[in-house]
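Peer 1: Attaching a single structure in structure tokens format; questions to follow.
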Amino acid sequence: MVLVYKYFSCENEIENSIKPVINLMESSLLDKTTSNSIVLTTFNDFSNWARLSSLWPLLYGTSCCFIESASLIGSRSDSDRYGLVPRSSPRQADLVITAGTVTMKMAPSLVRLYEQMPEPKYVIAMGACTITGGMFSTDSYSTVRGVDKPIPVDVYLPGCPPKPEAIIDAIVKLRKRVAQETYESKIRLKPGNRFFTSIHQFRFVSNNLTGEYSKQSLRQFTKTELYSTLEVPFDETTDEYKGSAVSFQESMDEGDPVAIDKP
């Protein structure tokens, strides 16, 4: 209520001049409709919205790309503003950023870490070596030609190595994908229903390392051949070396190599 004093001589006029003024704050509350005060959504959308700012990445680096991904923790990139909290345990991580070359011996460990992560989980393939094998993809027998062979990949991030700004852009694209997920898509992407892009066409061969390599006939040299290979002067008549700088001491066993004693 607001008092407006027009005439101070008459009390009746003062009382009649009292006029009610509508409170604007109360009117806004009264004018609000149900659609503006209550948000109607589904549990799936609410779950996606809650997970957008809580993607916890797993620290997994095997090569130089990990140096760029580790720089996200610094103040220059400030990955905390996106809710990225690096974790060392796969059971507390939602995202794994594979940074570096994946070898044949390291692939089973990567699959084991991926299986220990709770659903839903995501993978970002960072760097050329992770996506296609990089410079090791042509003549290397121990490099996996793409991390999407053992585990599924959600976002591919090419580069050698990618900059921290590119990693943030990949995370933003992953957030958009998480926001559009549905329950049917989560069921379809379960481990039992996943289909990988391609498989390796490697074949197993027999092991030729039997330990008999040093005992083959091609590896047996006579003294003359051995000394000529070493380019040391040798007198075949006296069966001795020329010069006093180096003296050779024959071994007791014939199969043992010649011992060299330097003064």
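Cβ atoms are placed via backbone N, Cα and C, with glycine included.
In case it helps, Swiss-Prot gives these features for our protein:
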type    : residues                     : note
BINDING : Cys64, Cys65, Cys129, Cys160 : [4Fe-4S] cluster binding site
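Describe the structural context of these features.
Peer 2: DSSP assigns Cys160 ([4Fe-4S] cluster binding site) to coil, not to a helix or a strand. Every protein chain considered, the tally of other Cβ atoms within 10 Å of the Cβ of Cys160 ([4Fe-4S] cluster binding site) stands at 11.
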Peer 1: Once near-sequence residues are set aside, which residues in the chain of Cys65 ([4Fe-4S] cluster binding site), 6 or more away, have Cβ atoms under 8 Å from its Cβ?
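Peer 2: Correct list: Ala99, Gly100, Met126, Gly127, Cys129, Thr130, Pro161, Pro162.
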Peer 1: If you count Cβ atoms within 10 Å of the Cβ of Cys129 ([4Fe-4S] cluster binding site), leaving out that atom itself, what do you get?
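Peer 2: For Cys129 ([4Fe-4S] cluster binding site), the count of other Cβ atoms within 10 Å is 27.
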